[in-house]
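Colleague: The topological domain 'Cytoplasmic' annotation in Swiss-Prot covers 1-53. Taken from Swiss-Prot, the feature transmembrane segment covers 54-74, and the record attributes it to sequence analysis. Positions annotated as topological domain 'Extracellular' by Swiss-Prot: 75-1038. For 100-175, the entry in Swiss-Prot reads domain 'VWFC 1'. According to Swiss-Prot, the N-linked glycosylation site annotation covers ASN179, ASN287, ASN520, ASN666, ASN752, ASN821. The domain 'CHRD 1' annotation in Swiss-Prot covers 197-337 and rests on sequence analysis. Taken from Swiss-Prot, the feature domain 'CHRD 2' applies to 339-471. The annotation domain 'VWFC 2' is assigned in Swiss-Prot to 742-804 on the grounds of sequence analysis. Residues annotated as domain 'VWFC 3' in Swiss-Prot: 830-899. Annotation comment: Swiss-Prot describes 939-1020 as domain 'VWFC 4'.
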Amino acid sequence: MANKLRKSNAIEWATATGTVPLLERSCCHSEDAALEPQASKTSHREQAPILRHLSQLSHLLIIAGLLIVCLAGVTEGRRHAPLMFEESDTGRRSNRPAVTECQFGKVLRELGSTWYADLGPPFGVMYCIKCECVAIPKKRRIVARVQCRNIKNECPPAKCDDPISLPGKCCKTCPGDRNDTDVALDVPVPNEEEERNMKHYAALLTGRTSYFLKGEEMKSMYTTYNPQNVVATARFLFHKKNLYYSFYTSSRIGRPRAIQFVDDAGVILEEHQLETTLAGTLSVYQNATGKICGVWRRVPRDYKRILRDDRLHVVLLWGNKQQAELALAGKVAKYTALQTELFSSLLEAPLPDGKTDPQLAGAGGTAIVSTSSGAASSMHLTLVFNGVFGAEEYADAALSVKIELAERKEVIFDEIPRVRKPSAEINVLELSSPISIQNLRLMSRGKLLLTVESKKYPHLRIQGHIVTRASCEIFQTLLAPHSAESSTKSSGLAWVYLNTDGSLAYNIETEHVNTRDRPNISLIEEQGKRKAKLEDLTPSFNFNQAIGSVEKLGPKVLESLYAGELGVNVATEHETSLIRGRLVPRPVADARDSAEPILLKRQEHTDAQNPHAVGMAWMSIDNECNLHYEVTLNGVPAQDLQLYLEEKPIEAIGAPVTRKLLEEFNGSYLEGFFLSMPSAELIKLEMSVCYLEVHSKHSKQLLLRGKLKSTKVPGHCFPVYTDNNVPVPGDHNDNHLVNGETKCFHSGRFYNESEQWRSAQDSCQMCACLRGQSSCEVIKCPALKCKSTEQLLQRDGECCPSCVPKKEAADYSAQSSPATNATDLLQQRRGCRLGEQFHPAGASWHPFLPPNGFDTCTTCSCDPLTLEIRCPRLVCPPLQCSEKLAYRPDKKACCKICPEGKQSSSNGHKTTPNNPNVLQDQAMQRSPSHSAEEVLANGGCKVVNKVYENGQEWHPILMSHGEQKCIKCRCKDSKVNCDRKRCSRSTCQQQTRVTSKRRLFEKPDAAAPAIDECCSTQCRRSRRHHKRQPHHQQRSSS
């Protein structure tokens, strides 16, 4: 086995998304000359050990790079593990059992494509690693896998002695050699002419067309038992490498759970799990029309060939994992009439007694109807059917084709064509006939019934109503002024679709359309310069929206809609066309399958060069948990643009905002997707407030912005928690740093971390944000002692009283109405601002210091004259007992007190207020014999708004650590010097002599020996140092 690996020079590493061969030799940095074999054998032997070590190091770097890039692919691959049947509808499940494209990092690669491995920084593009997306069969499925190999050994030998390595090349070349020696990459180039010719396809799915599902190898995978004779028809549109599909199914059965695309051999090429809930699909359009819509994105080149050669089959699956109910299949084929199709019909065998005639088992059909309502109106009918022939009718079989008004039993069309060679699977029959405008009107409203039966055996009959065509499509437009000189700010959007009964459902949204101008909204037909009004939609206009339906739609309107000649016009009393737009058809899938689009509005501060800029955006999340979006712009000049998704938890002041760049683009149209978006971000699209923004890439200016409606997220895309530790906003771990984005939500707005504010619910409460949680506390008013000339007064709107002159208090009490005088208003606005809080002149308050709350030991005041803020701290009285006996009555008490019965007189106590060298609790009460000016004039010192006399000593107080008793400061001739207390060796020896053995013999009433806390700490540190010293000396001597 080892020999085989050495011969192949590759080690295969299997992942969920592919088998990635890792090279056994370094090939990516070919410019390193040390890795190349030298011409001389002697030099080669000398460099062999170096090459071996460099090769091993290169292996590790390549493996690490591929692991990083493919890590996301591994996770995605596990999500898309192949499953034949759907799991429980309520749990997470894989929604793409067959994967027809490779995901390398976050880049999708087409099946059959090749590329150089890009490992990102710091490795970059590895030009000697060639990767390929290959098809690997796995349990009758084709699964795409990535395979990479070393192509350095495939380089041709250089024709010179000193070849060089060029940037972006793997193989070395000779200087001046213009021939490219690199291995050419096989990049499939699409043939535009080929794709233009393969656009419209259709399929009929009945029991008879599902013949290949009944083979011996397929019986274990599919159930074809169909007692109700369920049939279905499909339409396909191939557009820009994507295959859009639409299905009409029988009303006798519910919505299928999956769609498969298989080849002639029954190998599954692609499988899509359909979105189903208890109430049906989440799609508004599919619920309204009863259709099944979707798209197969990026069809590989090999599969396009299968589609072009009519070798592709489609399979509908019903049931679940426990029970497979039914599987219907049909061949996807081209039909010329599909290009002009206006109506469709699904033909089924009748069930008179709830049972199908055994001779009609597996019978069904579909009709492709094209009409023209000109001067000579006509109808073209293409029938695709089976099962209406007798056993002996094997040639030239006669049929009866009827179109009738079932309500009146009035036959409108009746012909008897003949089929030369009847087939048990597919028969195609084309008929044409003139038809009246009245009958076309009945056809457009779904009133006509089409019947195909055998002329010889009339009981062999299939029938169905003619309805709007089976294709899933909507028609949309942007509403904007058509004149560049227009000064209006009005804009809007419109989108419509056809129901099966022929009614036209419309949705119109406008912006800056004033109802006072009596707007008139109408459907118009635009043919050149002529504009004809067809329908008036004004009665349904309300609050900038017009939502409704046009029940009786004429054939002319229907033809104009499909031809792209129908538009929406908004007029006013002064302008016949304020804003308008022409409806354009779009297939329904992915982003356009959401509930409704959003209007991207021009911002007020936007540059005046884009006065009529407007946009429309669709956004949805598919069944594979990928985000899809589509943006259409109008009035935006050609430039490089950026599409951003903005998210905030709720619409509130100060809410945290996150922005994600979805894509950079240019032009007026963008259709894209975002793969592997985390579940936590997907759920925000449904639960949070989201905006879609279009920015200019160069100027960084916001051009358009629109608010997303609630985007529905499939249940299996929600985040899954594996334990009970569900994260709760506000939970925190003290060992972790506070996130800078942490905010608190209170009273309808957000506040930043450590921010303080007054509660909007109670203005006498102060709140603060700490670790994502808001805490509020009632304002504590300081105890005030007013002067004899002042009076305690509490004004309206203030939480605490303040001392004001008696005259001002009397005037305030006599005043019955609020101040209207300018002088009074100015006087009310006078005050001080501390932080973000305003305090009126003369007010006093305790500072709010979270998380401890109000500091009641400090009282701040706003000077009524100078508006200066002073915050002196409370001066504690001297203690009348030993400091060891003193205590604080509660945790927030400012001063210590002595226990009852422990006070001692000032004469008998060692510490007296007159001794400046002894410090008491917080500050000592000194006799105010001199003013501050006199103290400073006599050589005193001022430290932090506190005055010390010349020669006075004290311990400094730090706000974060309290009083520093081991540091002593002294004021000497207006200069402050601070020193830390130093302990001698004798002091430390004296401290250690007080042992526990001596304490046993001490009397209980004896005073405890004094222990200096500062010296004890220094002595312990010194002892530890001496204990370690012999060990170090021993190591040094050894």
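Keep in mind that glycine also has a Cβ here, set from the backbone N, Cα and C atoms.
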Colleague: Which residue counts does DSSP give the domain 'CHRD 1' (197-337) for helix, strand and coil?
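Modeller: So the counts come to 21 helix, 57 strand, 63 coil.
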Colleague: Determine, to the nearest whole angstrom, how far the Cα atom of ASN287 (N-linked glycosylation site) is from the Cα atom of ASN666 (N-linked glycosylation site).
Modeller: 35
Colleague: Determine how many residues of the domain 'VWFC 1' (100-175) DSSP places in helix, in strand and in coil.
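Modeller: The domain 'VWFC 1' (100-175) comes out at 3 helix, 38 strand, 35 coil.
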Colleague: Rounded to the nearest Å, what's the C-alpha distance separating ASN666 (N-linked glycosylation site) and ASN520 (N-linked glycosylation site)? Just drop the number here, would you?
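Modeller: Between the Cα atoms of ASN666 (N-linked glycosylation site) and ASN520 (N-linked glycosylation site), the distance comes to 35 Å.
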Colleague: Taking the Cβ of each of the glycosylation sites and counting other Cβ atoms inside 10 Å, which one has the highest number: ASN287, ASN520, ASN666, ASN752?
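Modeller: Most Cβ neighbours within 10 Å: ASN520.
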Colleague: Measure from the CA atom of ASN520 (N-linked glycosylation site) to the CA atom of ASN752 (N-linked glycosylation site) and give the result in Å, rounded to a whole number.
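Modeller: About 48 Å separate the Cα atoms of these two residues.
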Colleague: State the three-class DSSP label for ASN520 (N-linked glycosylation site), counting H, G and I as helix, E and B as strand, and everything else as coil.
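Modeller: ASN520 (N-linked glycosylation site) sits in a strand per DSSP.
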Colleague: Tell me, roughly as an integer, the mean pLDDT over the domain 'VWFC 3' (830-899).
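Modeller: Here the mean pLDDT over the domain 'VWFC 3' (830-899) amounts to 84.
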